[in-house]
Number of protein chains: 2
Amino acid sequence: MSQTRQLHLGAILEGVGTDQNSWRDPALPSDASVNIDWYIENAKKAEASLFDLVFIVDSPYITPDTAPHFLNRLEPLTLLSALATHTSRIGLVGTLTTSYWEPYNVARQFGSLDHISRGRAGWNVVTTGLEGAARNYGRDEHFDHAERYDRALEFVRVVQGLWDSYEDDAFVRDKAAGLFLDKSKLHKLNHKGKFFRVDGPLALQRSAQGQPVIFQAGDSDAGRNLGAQIADGAFAAAQDFEAGQQYYADLKNRAAALGRNPDHVVVLPGLFPTLADTDEEAQRLHATQEEALSLDKLLVGLGRAFNYHDFRQYDPDAPFPDLTGVTLNSYKGHAEKIIRVAREKGYTLREAAWHLGRWKSPFIGGPETVADEIERWFTGRAADGFNLRVTNPRDFQIFRERVVPILQKRGLFRTRYEADTLRGHLGIPVPENRNASPLAEAAE
Amino acid sequence: MSQTRQLHLGAILEGVGTDQNSWRDPALPSDASVNIDWYIENAKKAEASLFDLVFIVDSPYITPDTAPHFLNRLEPLTLLSALATHTSRIGLVGTLTTSYWEPYNVARQFGSLDHISRGRAGWNVVTTGLEGAARNYGRDEHFDHAERYDRALEFVRVVQGLWDSYEDDAFVRDKAAGLFLDKSKLHKLNHKGKFFRVDGPLALQRSAQGQPVIFQAGDSDAGRNLGAQIADGAFAAAQDFEAGQQYYADLKNRAAALGRNPDHVVVLPGLFPTLADTDEEAQRLHATQEEALSLDKLLVGLGRAFNYHDFRQYDPDAPFPDLTGVTLNSYKGHAEKIIRVAREKGYTLREAAWHLGRWKSPFIGGPETVADEIERWFTGRAADGFNLRVTNPRDFQIFRERVVPILQKRGLFRTRYEADTLRGHLGIPVPENRNASPLAEAAE
């Protein structure tokens, strides 16, 4: 493993995209979100450019106004499993909610993906922001925000316990002697907690990287605390350099305060660039994209953080509305930030939708400019790397062919894979097997 | 589609196998059950031989005495998704229990597999036989047998409803006009039943075959009734011709009594042959396999139907024990049959273990003999086809290279794929979209 700090890159494979108009790009297949060939093609491109991982976002609730990619898309675990055998080095990370799954099933599926990919699986742990999801799972109301995070912590610990059901040398597989398993090396979990009771064991040995890598993206106080406890990697939401630095320092401090090595929590903000040959062209492109935005859809985007609260009911040119009674139980960190910023800046609703109802990227420019900004975030400890949104074919191509070589020339990014597993790429150690027998260890 | 009745063939990809000694075959990788390359290789071989489908069995509970394949294996949905993009015609069927999953998650994952495979997914609906599974899912006791089947029926209907969330022409994808979705063609399910409440909609359009194919394998009265209601295909457990005929007639009659076309319930018993160049050699091989069996392990196998009740506690040479108080809530149909047959025949425990503690196959012989027996079952309406267990490389090779050509020469089995979807191979119609608008249909 290389000694100097290295930039990490993820590719968010987002099909037709989660903003308003990306699906209309002539070069993008309009069924990309349900087209396995599009995903395979782009995962291979990311791997050819030595990215650490591809990432599949997810959520279990839609309305007719939901953004195009969310409306109709492949499910992360099935999709990532299909990608696993068309790639050999790149990490495969998917979102899955701890609010509406069983730990035993999650342990099996991510564990299985980790075997199929030979040690490249990652799980982005979320608690589900959208309250409407509850009604797809037999509940009238979504779990309370604080309870969601308590459940998530216990859920992850159960899953990790199940992943260690077998000691690493449990399977003898001696055909002549007729001994398949050393039964003494299979361990039940016998977990009884506040939210879950799971006896185990899991019918799966550990993988080439020991266990799948854990990611977390929560931005609220509870979300950051969860990340500090469980996350090997954090998908940060920072949209400018200063916010990036604050989040970075805060999360690493929280992890260190828990006795963890802060280098083992890799912070990867989203990177949604507008790229062109020159800065001027990129700015022109960006202006064109801005002009094509519809206020109606920006208002829907703004409402997503409030469980799709319908902001179209208000006068857009009146001050940002009073949201007393509107839920903050969805994407709490993001919703609180919208209210706070709108008040601080004295935004009208139209202005709030424009500035806060979508992802605004500071990464607009030609290859050198975007590489400079990436380097600034990296060296300024606002990021350990980035998660690049892959929708627009032009942006992805320029990034791979023009930006990555600049980052490599500057010694920031790898020029070949040095590891075979996702943990290896990220510099995250293989977790000790909690059922490792002391004798076996001593003998090694 | 061909007019004459055609034999169907499935390949149960069972890794190192669920019997005692199959894992010890020198030609079988001893990690086959967790080795994706083994599955891909054998799925491709099955497709090259024009099989209808591959099938991945499953259950969510193990003990240290569990058979080798069950102890340590890949999970069906991730595994089948990995197989989907290495094959192009063969159906991909996996087991998943309705007792410990959420319908919304199942609808998404099988729906997604159906897209990744472009219309080749199938779901074998089970209710879980092993009571111990309950304690991997927060419950003290498994659901009662009758309740399991009521839940299963409602579960499947919810999933099927979710699969029809979008009308078939809902996605306009007009880039110039900026219209992605015709919102009027997205429908909530709003299901409120005895066991489940699911609002929907699902974020996934229908697949190339409309919906995944539904399989069912229950052999109890409740299991057969469920199969008659929901199954497009039945994985039958019959171990001899007469039992095969009885099951076949019974299931088709139950389906017909419900107003269904009995030809649209395809009956596929398991086929676990011992094959060799000649009948004599196959019989010799079989005798060697029988000699290698351990009574201890046969007793464990016998106990599986009774939630791994430990039969090793009894005198093997005393009469079959009184099982008062031992659960019949696991594999009820199978457990009741064991007790009934052991009493009728006056078996000792040793004899019961020998005859009833494992799968006994009447398909032992050279290629012509096994082909004859297959034809007898097929023409005698004991089967519409078979599900071949793939573990032993020799048996699979002889079956593909010697038995299949005989079946083709006799006009029983296809000589090329005539369809691209699993429904197409099985002759099962694409289900009508319950949300199809009458106007859209009239215009077609």
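Count begins at 1; order follows the chain as displayed.
Using N, Cα and C of the backbone, Cβ positions are placed for all residues, glycine too.
Any TrEMBL annotation is an automated prediction that lacks curation.
Annotation comment: TrEMBL describes A:35-377 as domain 'Luciferase-like'.
Among the features that TrEMBL reports, FMN binding site is placed at A:ASP58, A:THR95, A:HIS145, A:TYR149, A:SER220. Reduced to three states, the DSSP call for A:HIS145 (FMN binding site) is helix.
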Q. Around A:TYR149 (FMN binding site), how many other CB atoms lie within 10 A of its CB?
A. 22
Q. Going along the chain, which residues six or more apart from A:SER220 (FMN binding site) have their CB under 8 A from its CB?
A. A:HIS145, A:LYS332, A:GLY333, A:GLU336
**Q.** For the domain 'Luciferase-like' (A:35-377), mean pLDDT (0 to 100)
**A.** 95
Q) Across all chains shown, how many C-beta atoms besides its own are within 10 angstroms of the C-beta of A:THR95 (FMN binding site)? A) 20
